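Participant: Pasting a structure here, questions to come.
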Amino acid sequence: MLQLLLAVFIGGGTGSVARWLLSMRFNPLHQAIPLGTLTANLIGAFIIGMGFAWFSRMTNIDPVWKVLITTGFCGGLTTFSTFSAEVVFLLQEGRFGWALLNVFVNLLGSFAMTALAFWLFSASTAH
């Protein structure tokens, strides 16, 4: 149990630092759409899709790696709470179209990236 807790802790810290770096780099590029948050969510969705596909095929993987990557890293990297706050800020500023676009791109983009990663991994390992 302690190993699993440490894996979540290490993965979460690493994912959070990655999210912060992406936000610092990409959020200033567009004043209405926080591109760093979007990038973090899309990358996280892709990684978790790839992880779930990999773990479903490689059943001998230590559970520590599973929680480090999915619960830890992807949990720290993806930013639903930040995303939600940013949408609320856009709404408060009266930028309803941008808020709706932000919701649309983050949610559908994340679903698409998860499905793409799962499909790519499954296709590459099919015999």
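Placed from the backbone N, Cα and C atoms, the Cβ positions cover glycine too.
Swiss-Prot lists these features:
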BINDING   G75, T78  Na(+) binding site
TRANSMEM  4-24  transmembrane segment
TRANSMEM  35-55  transmembrane segment
TRANSMEM  71-91  transmembrane segment
TRANSMEM  103-123  transmembrane segment
Participant: Can you check which residues sit near G75 (Na(+) binding site), meaning Cβ under 8 Å from its Cβ, same chain, 6 or more apart in sequence, and list them in order?
Facilitator: V8, G11, G12, G15
Participant: Please report, as numbers and ranges, the same-chain residues at least 6 past the borders of the transmembrane segment (4-24) whose CB is under 8 Å from any CB of it.
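Facilitator: Sequence-remote neighbours of the transmembrane segment (4-24) are 34, 36-37, 39-40, 43-44, 63-65, 67-69, 71-79, 82.
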Participant: For T78 (Na(+) binding site), just count the other CB atoms lying within 10 A of its CB, please.
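Facilitator: The answer is 23.
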